[in-house]
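*Asks:* Dropping a structure here in structure tokens format, bear with me for questions.
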Amino acid sequence: MLKIIFFLLFLIPFCFINNMYWMVQIMMFFISFIFLLMNNFMNYWSEISYFLGCDMLSYGLILLSLWICSLMLLASEMINKHNNYKNLFLLNIIILLLLLILTFSSMSLFMFYLFFESSLIPTLFLILGWGYQPERLQAGLYLLFYTLLVSLPMLIGIFYLMNKIGSMNFYLMNNFMFNYDLLYFCLLCAFLVKMPMFLVHLWLPKAHVEAPVSGSMILAGIMLKLGGYGMLRVISFLQLMNLKYSFVWISISLVGGVLVSLVCLRQTDLKALIAYSSVAHMGIVLSGLLTMTYWGLCGSYTLMIAHGLCSSGLFCLANVSYERLGSRSMLINKGLLNFMPSMTLWWFLLSSANMAAPPTLNLLGEIYLLNSIVSWSWISMILLSFLSFFSAAYTLYLYSFSQHGKLFSGVYSFSSGKIREYLLMLLHWLPLNLLILKSESFMLWL
């Protein structure tokens, strides 16, 4: 683990040399390929120092972080072109990536908490510094307060655990079982807001709409996964409480997923639609995770990875048309089949991935999750069928309204994409569809 972290630390001086933008990006791809070679399918924590280690769960998420951060630089070419504080932008992304890797490879619960909360700060800087509208101040405030309000109880819960056990190590804490309601709520609420669960999801659409494309990618790709990862880690010593209370979260998530899907069908803003669809997807991830079945845990992990790639790619596509047309509105982004014919293919591929068509990872994850939730309670079939149906409905709405129809009268030409954009789409889509061939690493990590 340490070699990856030092590699990133030594990339920081490169940010301040002129014309080094693409060099940094190539180096980040290089790091992700090195990390790919480090994979030895350990079922237990491997490469343990005192506080850094890696098992299959954190391995996949670290790889996703490296990949998405490399693609963020590929997507944010406008910052490089207009020289919009690009040195600080690179620095921000590298620090964010460093914090994310440390979060996912932390062995100690307290270290995890520390990095989990500090990864919020670079994200906030991304939204406030490179966002598009003045409302980004409000979005940043929402993001900050929703997340920080619930993280204090979590800290108190961690201190209580330290007092009782005398160790913060995840590996040792699995031997304990706590039958304490308040501790359960303290530890879980922080992750529920980060997921986000329906009812505490209001910060997400705001943050997504105001963020630049890189901010949206990192939010959709990794920030939403932090909650799921933390929950997978702490659920093992909160099993008794979870059996007692899980029905609350599962029902809120499933009903909320259906409601959010209905909200999606009324959106006019491309980015807001994709953001709300993320809430619906994370709702089903949360429900599957809290059933605490083998299928549920593996499926939530699979869908987290798949959703990270898929919705990140959709945000990139929305940004491509935003750069050309200067608007995110569905009233202006219509008839794009005439405007950018070759981008329509990517719109189609990523939209179909979003509604879990084969052979994407989304399909695999959703099959696992549907199985686990139905095995938990067969009544949830009703909500799940609605969820699946509306998921396809709003994805088709997004695709058909943006690609078909009459071209907006203010647009007088057509535009072809750049090779950079096609590469960006390919690098989102290829892992998403090829990883299904390696699905044992999504099932056998537990």
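Even glycines carry a Cβ here, placed using N, Cα and C.
Under the heading transmembrane segment, Swiss-Prot lists 4-24, 56-76, 93-113, 114-134, 139-159, 182-202, 218-238, 272-292, 297-317, 330-350, 373-393, 426-446 (among others).
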*Asks:* Would you mind listing the long-range same-chain contacts of the transmembrane segment (93-113), meaning Cβ under 8 Å and 6+ residues beyond its ends?
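*Replies:* Tertiary neighbours of the transmembrane segment (93-113) are 1, 4-5, 8-9, 11-12, 15, 24, 28, 45, 48, 50-54, 58, 61-62, 65-66, 69, 72-73, 119, 122-123, 126, 151, 154-155, 158, 161-162, 168-171, 173, 214, 218, 222, 226, 229-230, 233-234.
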*Asks:* Need a quick answer: max count of Cβ pairs under 8 Å to the transmembrane segment (297-317), which of 4-24, 56-76, 182-202, 330-350 is it?
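*Replies:* Ranked by Cβ pairs under 8 Å, first place goes to 56-76.
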*Asks:* Counting only residues 6 or more past its boundaries, what in the same chain has a CB within less than 8 Å of a CB in the transmembrane segment (56-76)?
*Replies:* 4, 21, 24-25, 28-29, 31-32, 35-36, 39, 41-43, 89-90, 93, 96-97, 100-101, 104-105, 130, 212-214, 217-218, 221-222, 225, 229, 232, 301, 304-305, 308-309, 312, 316, 319, 420, 423-424, 427-428, 431, 441-442, 444-445
*Asks:* Tell me, please, if the transmembrane segment (373-393) and the transmembrane segment (139-159) are in contact, taking contact as 3+ Cβ pairs under 8 Å between residues separated by 6 or more positions?
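*Replies:* Counting Cβ pairs under 8 Å (6 or more apart in sequence), the transmembrane segment (373-393) does not reach the transmembrane segment (139-159), since there are fewer than 3.
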